Each structure stands twice: as structure tokens, then as C-alpha cells.
Amino acid sequence: MKQTKYIFVTGGVLSSLGKGIAAASIATLLKNSGLKVSILKADPYINVDPGTMSPFEHGEVFVTDDGAETDLDLGHYERFLDESLSQDNNFTTGRVYQSVIEKERRGEYLGKTIQVIPHIVGEIKDRIKKAGEGKDILIVEIGGTVGDIEGLPFLEAIRALRLEVGKNNAMNIHLTLVPFIKAAGELKTKPTQHSVGELRRIGISPDMIICRSEKALDRDLKDKIAISCGVEKNCVIESVDAASIYQIPLNFLKQDILSPIAEILDLKNLKPNMENWDSLVKRVIAPSNEVKIAFVGKYVDLKESYKSLTEAIIHAGAALDTKVELKWVDSEKLENMESAEVFKDVSGILVAGGFGYRGVEGKIKAIQYARENKIPFLGICLGMQLALVEFARNVLKLKDANSSEFDEKCQNPVVYLIDEFMDTNGEKQIRTAKTPLGGTMRLGAYKCDIKEKSLLAKVYNEAKSVKERHRHRYEANPKYRVDFEKHGLIVSGESKGLIEAVELNCHPFFLAVQFHPEFTSRLEHVNPVICGFIKAAINYEDN
């Protein structure tokens, strides 16, 4: 069996430098050179997964086809690689310890004392190897920053794994910050030198250094970093702030990043075909048209909470050669504002998903305004559920209509807690209000059957069914379906009796879906629901 080659990506100085984007960019170049590539994110935090973490704490939770709740970097990986990943592509310290403790309880360690070395480190190595099976190259991003206590077992694992597979089968890339000091008017390399020194103390010497910076690094500065950090001069790569993250692979390519990678990993001459990517990036940066839509959500102070959705909108804009300007609307503040004033300058209204009652009435207000004023509307997940609540209250005149998530005692729960459903493996799942929150939602890709000649069918190019990803605990109550449809709110998507999509038959574009279309959108393959909504907003603007 052919040996998988590994590229380990670590970060220094501080977090949020963009290790995920750098890793995804390198993966894109390698894939477009004809190699089979995958990426793994190893997160040192002790949560089993990010599923129960606050969006303000950790940003978006990205969901894979197989229902894994993962780090938002997996979204970047999928969007750059244009491939679906799985739960094998993300794990945490919590998951590792959980697995080791379960094995110990089953007696698999034959009574031995369980220690970080070899047991925890061995589990990390096994998970890395599993993710790389059948691939030419696996890129492994280690979350956090070198020097974090939580990250030490992961760094020890990649140090040991490199020795195990041999020098031509693994390399280390270290991403670091080269800050620009305005008072001095110059870039400083000392944080990079200290970060590499910290990495070396752990036993890892980087083969390549990627320097994040506000400004370009001149040749002398790159040479200084190379000499002080012990890497070849062509292995110091700059990663300057860019207008779009999708420029990064092209920027790396201009610096010939693949030549030293090919040399270190003993690969053939790598020549990626990036023509299509390049043309799409040009349309992202300098589109011909412009349209403004309102993005209504409760986490708008932290845009990372909606990362996949904002990226999907960029993809749609590139496909339609249009810059989509987002007007961020805090749904909680909207409750005390005039809808007409807030939405007077937009050509579409998007109501995003979320959890909890805060901001719900503001979202309902936005939906009512879109419905009554015939402005293109897209509701996603909670956005669909609240479209049902709004319609029930204002059209069916069920004034107490609500979701049982927000009012367990309401007389007209048009959205309710589903207690039984089949999961992605075809197994029956049972839920109650007291079921633990972690990993217990309806998660992953499910088939949605589409009503013929509907708006949903139109956006999916008359497909009879599609598979889209879900992350929710509450469902539309089928008891109210007949009344909804009698008054013009049509069910256009279903999954084994569960309502997946609704639309208004007397509106230019009013579509609400229970699934998350943004999770399957890619730069080179935009999701049809997002694209259809942006196209409707453009038509509204033109007319």
C-alpha cells in the first residue's frame, strides 16, 4: 500500500492568523496538480466537539454529510477542495480522551497504566493515519498556538509520526505573524524567531515558514527569517492581507510554494491548473454588478457565526458576476425598529438560523415585511420555522402560534420537538426535551423530495430530489399543513413526512428551507438555493 505523505501545519505568536486558509490553499494547489489530497483539523480544546459551544465562543459549527459537528475550518477545506469531508477529518482532545477512556473501561489496554505517552499520543497518531488512508497527501492542521499546554500531545504526535514515516514522507509548515509597527514604520521578525524557537524546544523544526503580514516582505527580510529560523530561502512564503481568501492559493502559486514542497516530499514537478479558479476570483474581486440584501440574524456582532452562509453568498455573487453587499440587521434590535426604514434600500431579505428565543420576534417582523412587500426572501433552518409562525399568526390569524422551543404551553405549536426520526445511518433516534444537547440533533445530509413545478424545483433545475445537510432539533408541525396550503403557503420539499421547504405561490421569490444549503456551497459549484435567491434579488433591483 502506497505511503501517504503528511504536511503538518502549526501556528505561532497568536491565534486566528489563518492556518485553515493556508492549509486549504496548499491543498487546492496540490489537488489541481493531480494529487489525491485531504485535510484534517486537530483541535486541542477539551470539548468533544463544538456542537454545544456558543457561536460567540467558537464561531460557526460546520456540519458534514455524515452528521459530524465540526470546526468552521472544515467548511474552508470543503469549499477550497470542492470535496465532502467526514467526522474523520476533525477531532478534539475531548474526543481523544473519551476514546482512550472507553478503551480502558473495556479492558483493551490489559490493565496497563494509561498515560499521555504512549496512549493519548498513540490515539492521535492513529486518527491522523486513518484520515490519510487512500490519499497521496494529508494536510494536518493543529489548532491553537505553539506554546499552549493543551496542544503538547498533538505536537508530540506529529513529531513522532514524522520520524515514523521518514523524512521524504512528511514536512512541517509553521504559520507565524510578522507585525507592522506603525511607530517605527517597519515589519518585525522577532515574534517569528521566538515562535520557531518554541517549536524547536518541543522537538519540531519547520521546513517552511508562512509569514502573515499587513504588508509585503522584501527579499532581505525573507532572507533574515530564513537564516534565523534555519529554513531554505525559498521556504519563506509571505501571506499578505488579501481582498478575498480565494486569492491566497494564487498568491502562494506566484511565490512558487510548490517547488520546495515537491522537493521535500519527493514529488514530481507540480503544475496546477488554476484557470477556472482564477477567473472566478476576478469576479469575486471586481464584479460587473452590485446588489444589496439584508442579513437578519442574532449573532451579527460575530460574523464568523455565519461563515458558510457569507461564503456561499460570495460564491453566488461570483457565479452571477455580482457583488452582494450585506446589510447586517441585528434581529433583537429590529424588534424596536421600523421595518420600512430598515429594509428600504435592500433587494432581498435573508433570515438565518439560530437557537433560543432572543431575537425571534425581530426575525418574524422581517419575514412579515418581506412577505407583504413582495421582497425576495430566503429563510434557513429557524428562518423556515419562523416563516411558518409568521404566516400562522398573520394570515391564519392564530395569534398564539409559536414554536414549542420558545413556548412549551402554546395552543398552536406550528413548530414542535420531533421525538422520533431516522438518522443518516437509517437508525431510529428518539428525543425528548430532557435529552442531552450534545450530538442529539437531526444532523447530516438527508434526501429531500421536491414538488414538481415548484419554486424549489426551479432553483434545483427540475430535480426530483436533492440531499442537503441539517442541524436542528425542532420540526414543522404537519397538523397545520392543510391550512397553510389552503392559504397559499405550499410545502415544496419533504423528507419521509417531514416538511423540508415551504414557499408562497403568489410572491416573486419567497422560499424557506429547513436544511442548510450553505454547507454544500463551493466557489466552483454554488448551491442552487443561495444562487436562486441572489438572482431573484438582482431581478428585483433591476425592476
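Yeah, the Cβs are placed from backbone N, Cα and C, and that goes for glycine too.
The active site, nucleophile annotation in Swiss-Prot covers C381 and rests on sequence analysis. Proximity of C381 (active site, nucleophile) to non-local residues of its own chain (separation of 6 or more, Cβ distance below 8 Å) is seen for A352, G353, G354, H470, R471, H472, V513, Q514, F515, H516, given in sequence order.
According to Swiss-Prot, the active site annotation covers H516 (among others).
Residues near E518 (active site) in space but far in sequence (CB under 8 A, at least 6 apart, same chain), listed by position: S308, L309, E311, A312, I380, N527, I530. If you look up Swiss-Prot, you'll see E518 (among others) marked as active site, on the strength of sequence analysis.
The annotation CTP binding site is assigned in Swiss-Prot to S15, D148, I149, E150, K188, T189, K190, P191, T192, Q193, K224. Proximity of K188 (CTP binding site) to non-local residues of its own chain (separation of 6 or more, Cβ distance below 8 Å) is seen for V178, P179, F180, I181, given in sequence order. The secondary structure of K188 (CTP binding site), as reduced to three states from DSSP, is coil rather than helix or strand.
Feature annotation from Swiss-Prot assigns UTP binding site to S15, K188, T189, K190, P191, T192, Q193, K224.
Less than 8 angstroms from the CB of G18 (ATP binding site) sit L175, R212, S239, I245, I248, each of them six or more residues away in the same chain. Taken residue by residue with DSSP, G18 (ATP binding site) is part of neither helix nor strand, so it is coil. The annotation ATP binding site is assigned in Swiss-Prot to S16, L17, G18, K19, G20, I21, D73.
Feature annotation from Swiss-Prot assigns Mg(2+) binding site to D73, E141; the stated evidence is sequence analysis. Note on D73 (ATP binding site): other Cβ atoms within 10 Å of its Cβ, all shown chains, come to 25.
The L-glutamine binding site annotation in Swiss-Prot covers G354, L382, G383, M384, Q385, E405, R473, and the record cites sequence analysis as its basis. In the three-state DSSP assignment, the secondary structure recorded for G354 (L-glutamine binding site) is coil. Cβ neighbours within 10 Å of G354 (L-glutamine binding site), excluding its own Cβ and spanning all shown chains: 22.
What Swiss-Prot records for 292-543 is domain 'Glutamine amidotransferase type-1'.
The region 'Amidoligase domain' annotation in Swiss-Prot covers 1-267.
A count of other CB atoms within 10 A of each Cβ picks out G383 as the most crowded of the binding-site residues P191, G383. Annotated pair I149 (CTP binding site) and S16 (ATP binding site), C-alpha to C-alpha distance, rounded: 18 Å. According to its DSSP assignment, C381 (active site, nucleophile) is coil. Classification of K224 (CTP binding site) by DSSP places it within a helix.
When the record's L-glutamine-binding residues G354, L382, G383, M384, Q385, E405, R473 are compared pairwise by CA position, the greatest distance found is 14 Å.
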